[in-house]
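*Asks:* Just dropping this structure here.
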Amino acid sequence: MSTTSSNESRSRGKAPAGERVADWADGRLGIYSLAKANMRKIFPDHWSFMLGEVCMYSFLIIILTGVYLTLFFHPSMNEVVYHGSYVPLQGQLMSEAFNSTLHISFDVRGGLLIRQIHHWAALIFLGGMFVHMMRVFFTGAFRKPREVNWLFGFLLFVLGMFTGFTGYSLPDDLLSGTGVRFMEGAILSVPVVGTYLSFFLFGGQFPGGDFVARFYSIHILLLPGIMLGLMVGHLILVFYHKHTQFAGPGKTNNNVVGMPLLPVYMAKAGGFFFLVFGVIAAIAALFSVNPIWAMGPYRPDQVSTGAQPDWYMGFAEGLIRAMPGWEINFWGHTLILGVFIPLVMFGVVLMMIALYPFVESWVTGDKSEHHILDRPRNAPTRTAFGVAWITIYMVGLIGGGNDLFATHFHLSLNAVTWFVRIAFFAGPVLAFVITKRICLGLQRRDRDKVLHGRETGIIKRLPHGEFIEVHEPLSQEQLHTLTAHEQYQPAEIGPTVDENGVERKVKGSEKLRAKLSNAYYGEDSQIPKPSVEEYKEITSGHGHH
Amino acid sequence: MKKLSARRRHPLAAVVVLLLALAATGGLYTAFAPASKAKADDTAQSLTIEQGKKLYEVGCASCHGTGGQGSSDGPSLVGVGAAAVDFQVGTGRMPAQQPGAQVPAKKVIYSQAEIDQLAAYIASLGAGPAVPTKNDYSPEGADIAKGGELFRTNCAQCHNFTGHGGALTHGKFAPDLGDVSPKHIFEAMQTGPQNMPSFPDTTMTAKNKKDIIAYLNAVNGNETVTPGGFELGGLGPVSEGLFAWVFGLGALIAVAVWVAARTAKAKKS
Amino acid sequence: MSSQDIPEENLPAEQAAHEGAHGAVSVADEKNPFADPGLPPHEHRIQDVDERAARRSERTVALLFTVSMLAAVAFIASYVAIPKDKAIYVFPLGHISALNFALGLTLGLALFCIGAGAVHWARTLMSDVEVADERHAIAADPDTRAKVHADFKLGAQESQLGRRKLIRTTMLGALTLVPLSGIVLLRDLGPLPGDKLRHTLWAKGKRLVNMNTNLPLRPEDVAVGSLTFAMPDGLKETDEDFQTEIAKAALMIVRLQPDNIKDKRELDWSHQGVVAYSKICTHVGCPISLYEQQTHHVLCPCHQSTFDLSDGARVIFGPAGHALPQLRIGVDSEGYLQALGDFEEPVGPAFWERG
């Protein structure tokens, strides 16, 4: 307080307006200490570090355009007759929700643009989160101290999927209504309570007259509210932890090298918001998305082929399509495995990636902080696991579009479905093995580069007629960068006999951990990085290979 | 295994791998690509029956039998009517080129006069639906909105919301209706070509059909307005999702690369 | 903007000294060739050394901001000038809304140019000296840790929660019961299922009404190879519960040659080969109706369950768990098709109580 007052007395009436406002705010909010820590915060430069920003900005764009859409949208399922300006639907019975969406699209100037920005931004938001999550995964950025932030991000992805689903269901068009019908069927498949859940969600039998209003409050209030909170928490943690960085000269586990928030990142990140918004607006100007007028109002007895959800639900759709129709009847009850298993698998596959960081930290037993990112090749088992997971996800996506794959590649629909059924199991195994081998190959190449230098492509003829390729030794920067990664040793089960010669019991978890650790870091799973001794030995007798 | 890995650096290794991959791809394709018997129905009628009969004997009889009674390679044409012939031959589906899951539309090889002769001959074999007149199928004066409702009830399940087509079982498909003439759409509804069910006048009136044609003309014609912009095939969320990934995210990542890239340095002096 | 002073303070010599302060390990070259050589010296950009280049950058940034302003004005002009129903042909996009096209492109340009300007400014004129920031351990030091633990113990002790068991138990009880009132309030979200999923509008004597014409169907209307959809007589599109009722009652009518029908019950429940099946898929309830008239297979467009209509509509492919329910039909005294009762099993997706 005393400093503030002395500042005031020193510059009474003379201080610039901005400074006075800042002083006022600091006296009440304490902004100066906050700014001291953050104003010149350092952020490293790498394009992949901006993927999270793509997500954040598209989320903001979705909120902005979404608020605009709520001004015109009527979340009601009362049936009305359409009298708007789209001729092929005039005189048709439809819900007010569909009617008001048509009104936004045809009779509110710019309404169609905002709708399309909203929808494109949602597709890009989810895609951005997926890519961002994979970037974090493959570089090992989820390691301590960032596990909690990984979970925040994962929750944002999952909630984003359901916000998207409830959102595209609101217009009550024939396509989204079919999706809602699917959801009802999926809920009905839940053992014991499914029927009750469905009746409570829909206010009775499907479709009833309630779900649009209920989805509306979930879509515009409940889920985005939670997501906004999570996103703020996600950002605070990014600031608190400081950003990770790739290994390189001058970059250590104890520092972060880059440029300051003010001014460089203020301009770059702030500018990037406008760039993202601009690109999405241009896409919305040129490319149609979810043309609900072409689909018509929902009626439970009508349907169109090509009935797919938006892409982020496509993985679940694929699981459902590929599942055989198992149904078990017993004691007057039905267990609908054909629907319930894919429903559970959907959760299981997502949880596999969500919980992976904890599995890895248990296997390594590493309790230290990690701020230097791994190159994917230097963590072959993790990278292979990630690629296997993506393979499952992509196979699911193919399954979700199996009819379009069939028509566009002139294949049989049934064959595509069988391909998905087999690839769901075989694909990830194959991807795991191949990826691991590629990683090891790249590690070997790095090792060669460090020990023997870069192949220059220059062929030299020695005086006695021998031809050799000139290898150029790497600079110290390059040498450091290529050898900066840590390599774990496989964990071993400690001595099974204590110093008194008494045999102790080895726990099953201990054995499992040793096995996993060996699979992660054993001889077949990583190439030892070159040691200084090896390097010196080779370089001392240089010029002879 | 040792031997194999020792030879993977052989200059021809890449070629061998490529050949193997090509063979595997081709093999998989033949395994998955649908192959089964072709089925198609056909038709006939009038004073040019004799001409039609001659054309029939040259172009059709080998599959459909000399009297149109059908054989193991093609169904009987007795009673299919002139409309079926006009559709099948007029869209190039007949004569069929090769057996497959479904006989596709292709280049028409008969002139309209020849098609009429063939139709007359087939019609003479047994009573069936006649070729519709312009009055029957012209979209003028029809109720587009009613047509849309009828289309969503009867047609969209196979042909998609706006008639862009879709998949059926074992390689069969419902074709895109974008460039199909109103006459052929009318005939298809009336006669039910190949695996398409028919929608005879007794259950779907001629007025209903006219409404449907008018709707298709409005939403899947050359002049159709897609207010939002390029419609990406009109196939729904799959193509939209693919676009969002490839071009949406692609563009944003390209921008991100520019934002994060290092600025050109001055040459060291 | 303040590009002039950058070269001054970032001369390579200063840069090196700067690094030393950060403790970079550039000493032990001989001992360890892999050691971290420390941050490389800063290299100047063209704009740092050439004021003309810097001015060019400044002009580019200003131009981008100006274009943004012009685009924003064009946005407003488009909003005012272009009628909302005007369509234009743009190759290769097709016939599209002129308003959407103009508004989107001008808005996109206005936004993009602000971003591009800001980023260009940051990239070419703002300092690009890389700075290292020290990290601090996330976990607290042992003293803080000990203090927090002690404080917590003290607080817990002062509350006497551990000693006053009665308070603890009753408090936990109260906190457990209160949320129940919230859960109870959810009860009226919907009615209980009862047997609602087991019944449809179909009943003995209800005529089958053609959904295209809204007229009752006669068996002779239905040709072999044709496909017709029907609803129960008396149901109207304007009825309040139309959606809910049609979701269960929608019918698919086809005619087969009686000797093609393989299933005996199907034959018994048909009328002269006319069979009536529920249009609602038994998988998750899509209206299934992709009827292939030569194979008599019907395919669901949502998840590709395939049913054989000539064999009791049993499942031959896909994720559906049981056959489509068949409606028993006959003709009434006036020759119209009528239902001979409700479906004998629930239509649509299976549920736990279905049995």
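The backbone N, Cα and C atoms fix where each Cβ goes, glycine too.
All TrEMBL annotations are machine predictions without curation.
Pulled these features from TrEMBL for this protein:
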type: DOMAIN; residues: A:21-247; note: domain 'Cytochrome b/b6 N-terminal region profile'
type: REGION; residues: A:523-545; note: region 'Disordered'
type: TRANSMEM; residues: A:49-73; note: transmembrane segment
type: TRANSMEM; residues: A:117-138; note: transmembrane segment
type: TRANSMEM; residues: A:150-170; note: transmembrane segment
type: TRANSMEM; residues: A:182-203; note: transmembrane segment
type: TRANSMEM; residues: A:215-240; note: transmembrane segment
type: TRANSMEM; residues: A:269-289; note: transmembrane segment
type: TRANSMEM; residues: A:330-359; note: transmembrane segment
type: TRANSMEM; residues: A:379-399; note: transmembrane segment
type: TRANSMEM; residues: A:411-434; note: transmembrane segment
*Asks:* Any residues 6+ beyond the ends of the transmembrane segment (A:330-359) with a Cβ under 8 Å from its own?
*Replies:* 133, 137, 142-143, 147, 150-151, 154, 158, 185-186, 188-191, 315-316, 319-320, 323-324, 382, 385-386, 389, 392-393, 396
*Asks:* Out of A:49-73, A:150-170, A:215-240, A:379-399, which stretch has the largest tally of CB pairs under 8 angstroms to the transmembrane segment (A:269-289)?
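*Replies:* Looking at each of A:49-73, A:150-170, A:215-240, A:379-399 in turn, the most contacts to the transmembrane segment (A:269-289) are made by A:49-73.
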*Asks:* Test of understanding: applying the rule of at least three C-beta pairs under 8 Å (pairs 6 or more apart in sequence), is the transmembrane segment (A:117-138) touching the transmembrane segment (A:379-399)?
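*Replies:* Contact confirmed: at least 3 Cβ pairs fall under 8 Å.
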*Asks:* So if I exclude everything within five residues of the ends of the transmembrane segment (A:215-240), which remaining residues of that chain have a CB under 8 angstroms from its CBs? That is, six or more out.
*Replies:* 38, 41, 52, 56, 59, 63, 66, 70, 73, 75, 146, 148-149, 152-153, 155-156, 159-160, 162-163, 166-167, 169-170
*Asks:* Other than its close neighbours in sequence, what residues sit by the transmembrane segment (A:182-203), given a CB gap under 8 Å and a spacing of at least six beyond its ends?
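*Replies:* Contacts with the transmembrane segment (A:182-203): 165, 209-211, 214, 320, 333, 335-336, 338-340, 343.
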*Asks:* Mean pLDDT across the domain 'Cytochrome b/b6 N-terminal region profile' (A:21-247), rounded to an integer, is what?
*Replies:* 96
